[in-house]
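*Asks:* Pasting the relevant annotations from TrEMBL:
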type     : residues : note
TRANSMEM : 7-24     : transmembrane segment
TRANSMEM : 36-58    : transmembrane segment
TRANSMEM : 65-86    : transmembrane segment
TRANSMEM : 106-123  : transmembrane segment
TRANSMEM : 135-152  : transmembrane segment
TRANSMEM : 164-181  : transmembrane segment
Amino acid sequence: PEAYHLGAAAPLAVLMLAWFWLANTFSDGAADPLPYIPLLNPLEIGLLLSLAGVCLWLRKHVMRLGNAALLVAGASLFALVTAMVMRTAHHWADVPWNTGALLDSMRVQAGLSIVWTLMALALMIGGHMRSNRQLWLGGAALIGVVVVKLFFVELSNRGGMERIVSFIGVGILLLVVGYFAPLPPKHSVTEVGEKPGPGPTAAPDTL
């Protein structure tokens, strides 16, 4: 039965993951006559369900790929949120649904900077609360990407309101990170529950 679950479901999992990336990349999320609401539209609900199914299958039936499942889930969620920002700009701000127009839109760029910083904030707070340095460092790396993006992309838009909003929003979130999510300490070699035994007792003095 285990071999059947692994062999029979593997092609379906690959197809679902391929559909996730293709639909997330090329679909604008239109579902007329329904309005587009981020994460609450047929496309993104289907994407989340398909991704959850693939990741649960990986963790349950391919135990040696546990970390790989987390990487797949993290990269896919990052791609989903990034495309969600672009779809929101397309439907709510009338930005044309093509790569050039989306990347040139400072509304899209400002939205990406703020949303990516929120994702980094969640990773760093989660890493701090769980004492997981790898999770915290992943969030710090994402913040580094946002800072580089601010200087090379947002600064090119001279005098734009979106640039001001982007810098202020990211700056406030960075203050929140510094206050609520400092780098968790390294794990000590000595077990937490281990206590030193009583030292040798001195013999009483005899006259």
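A Cβ is built for glycine as well, from the same backbone N, Cα and C atoms used for every other residue.
The model shown is predicted, which means the values in this text are computed figures rather than measured ones.
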*Asks:* Considering only the recorded stretches 65-86, 135-152, 164-181, state which has the highest number of Cβ pairs under 8 Å to the transmembrane segment (106-123).
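*Replies:* Top-ranked stretch among 65-86, 135-152, 164-181: 135-152.
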*Asks:* Sequence-remote contacts (6 or more beyond its ends) of the transmembrane segment (65-86), Cβ cut-off under 8 Å?
*Replies:* 17, 20-21, 24-25, 38-39, 44, 47-48, 51, 54-55, 58-59, 95, 102, 108, 111-112, 115-116, 119, 138
